[in-house]
Amino acid sequence: MPTTLMLLPCMLLLLLTAAAVAVGGTRLPLEVFEITPTTSTADKHKSLQYTVVYDAKDISGAAAATGVASSTVKPATEQLTVVSISSTAAAEKDLAESRRHARQMLQKQQQHRSIIGGKHGDRDVRILYQVGDSEEDLPVCAPNAVCSKIDLYETPWIERQCRCPESNRMPNNVIIHHHSHSSGSVDSLKYRNYYEREKMMQHKRMLLGEFQDKKFESLHMKKLMQKLGAVYEDDLDHLDQSPDYNDALPYAEVQDNEFPRGSAHMRHSGHRGSKEPATTFIGGCPSSLGVEDGHTIADKTRHYKMCQPVHKLPVCTHFRDYTWTLTTAAELNVTEQIVHCRCPRNSVTYLTKREPIGNGSPGYRYLFACSPLTRLRCQRKQPCKLFTVRKRQEFLDEVNINSLCQCPKGHRCPSHHTQSGVIAGESFLEDNIQTYSGYCMAND
């Protein structure tokens, strides 16, 4: 007995240590858990046979059990209560008045939210940090790194990955040429002349010494500013017409899909339309929920924001090029996502390879490639979509979606793991992950 009491504190210490390691360990990104029919769960998904939950026998048995239970219970004797008719009418009137007042208050709240929803919608987005709880705790982004990840599955929320360098913290990094303006004050003309002579013509004076060849100076400055990362508005229309141009909405042209359709294309840095709102930044990283800022790569239900404009990235080749790599560092408890190229239109990403970092580091590097959208028709009792759901400590559901096949005509695939036609699958308790299989449902 004394020996057991002496060993009890040691056992408690080991349990606490294991719990601390489990909580404080490196949390892998959910994109790493790509559970598809090509993995070890292929046979389970292929041979999956589900029966009707409420069978006729179960219903009849339940009704019989209910009847037996109800026949054995005797009703309790109730005493008659004399109620005044006038008091009952007054109570009903007060209840109706309170309900009417509650409906009016609810309508006022809804009108207030609809009015201010467009103005302050982005302010209500929850912001999480993969390290610490402020911008100062985040590392500085590497070249072509993802600075923020926006989840649009349910309520939008942002996970900050890193801080953009100071050289990239220019919200409108686009040069607008000074065209001839007929209307303008003398002060503005003086400012333009001073700006051109003291700033734009500085390199010209060093090369030629005189203000003579304006065409040469403009070309020289244009190439110099392009090397610094600026984008000229004259080049935007030319890039828009490229056949390899990515519209960042791969599901917009797919038939019978549940994703929102839209005609928005991936714009470039600072190139905004007349009706598009100004881009907001957090730590130098764009934080708007749309793809019009030119720094966004859309994949499934996530938007990946970058410090650099995405049009500078080359276009990937299906199944051959790695679109991005996820590197986990256990000692720093951070994950770095580096984008190498952008997927073509109507493409999705998938996990293709995992390799150790090397150099004695315990982390891994996950490689992702591009794949065209599946055109295979779903067979009978075959899941059309797989949901991988992880419960986070911030009381959020992080969900990854894998489309397995296309539902036949007249059917739809569930878009949420809580909708009808979705059945719970395998669980991974060590990673706090639950999988769900979605099946085709007939349209109402």
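The backbone N, Cα and C atoms fix where each Cβ goes, and this holds for glycine too.
These figures come from a predicted structure and were not determined experimentally.
Per Swiss-Prot, disulfide bond is recorded for C141-C162 (among others). In the three-state DSSP scheme, C162 (disulfide bond) is classed as coil. Neighbour list (C162 (disulfide bond), Cβ cut-off 8 Å, at least 6 residues apart, same chain): L138, P139, V140, C141, A142, A145, V146, C147, C285, E336.
In the shown protein chains, 27 other C-beta atoms lie within 10 A of the C-beta of C147 (disulfide bond). What Swiss-Prot records for C147-C285 (among others) is disulfide bond, and it gives experimental evidence as the kind of evidence.
Sequence annotations record features per position, and here Swiss-Prot assigns disulfide bond to C164-C307 (among others) based on experimental evidence.
The disulfide bond feature in Swiss-Prot is assigned to C316-C341 (among others). DSSP classifies C341 (disulfide bond) as coil under the three-state reduction. In sequence order, L313, P314, V315, C316, D321, Y322, T323 are the residues of the chain that are 6 or more apart from C341 (disulfide bond) and have a CB within less than 8 Å of its CB.
Swiss-Prot lists C343-C370 (among others) with the feature disulfide bond.
Summarising the annotation, Swiss-Prot assigns disulfide bond to C378-C405 (among others). For C405 (disulfide bond), the number of other Cβ atoms no farther than 10 Å from its own Cβ, over all displayed protein chains, is 18.
Its own atom aside, the Cβ of C384 (disulfide bond) has 25 Cβ atoms within 10 angstroms in the protein chains shown. When secondary structure is read from DSSP and collapsed to three states, C384 (disulfide bond) falls in the coil class. The feature disulfide bond is assigned by Swiss-Prot to C384-C413 (among others), with experimental evidence given as support.
For C440 (disulfide bond), the same-chain residues 6+ apart in sequence whose C-beta sits under 8 angstroms from its C-beta are C378, C384, C407, P408, H411, R412, C413, G421. For C407-C440 (among others), the entry in Swiss-Prot reads disulfide bond, with the evidence type experimental evidence.
Summarising the annotation, Swiss-Prot assigns N-linked glycosylation site to N333.
The average pLDDT computed for the repeat 'Two-fingered domain 1 part 1' (123-165) is 91. The repeat 'Two-fingered domain 1 part 1' annotation in Swiss-Prot covers 123-165 and is backed by experimental evidence.
The repeat 'Two-fingered domain 1 part 2' annotation in Swiss-Prot covers 285-307.
The repeat 'Two-fingered domain 2' annotation in Swiss-Prot covers 316-370 and is backed by experimental evidence.
Summarising the annotation, Swiss-Prot assigns repeat 'Two-fingered domain 3' to 378-444.
The feature signal peptide is assigned by Swiss-Prot to 1-24, with sequence analysis given as support.
The shortest Cα-Cα distance from C343 (disulfide bond) to any of the recorded positions (C164, C307, N333) is found for C307. On a Cα basis, C370 (disulfide bond) lies 22 Å away from C307 (disulfide bond).
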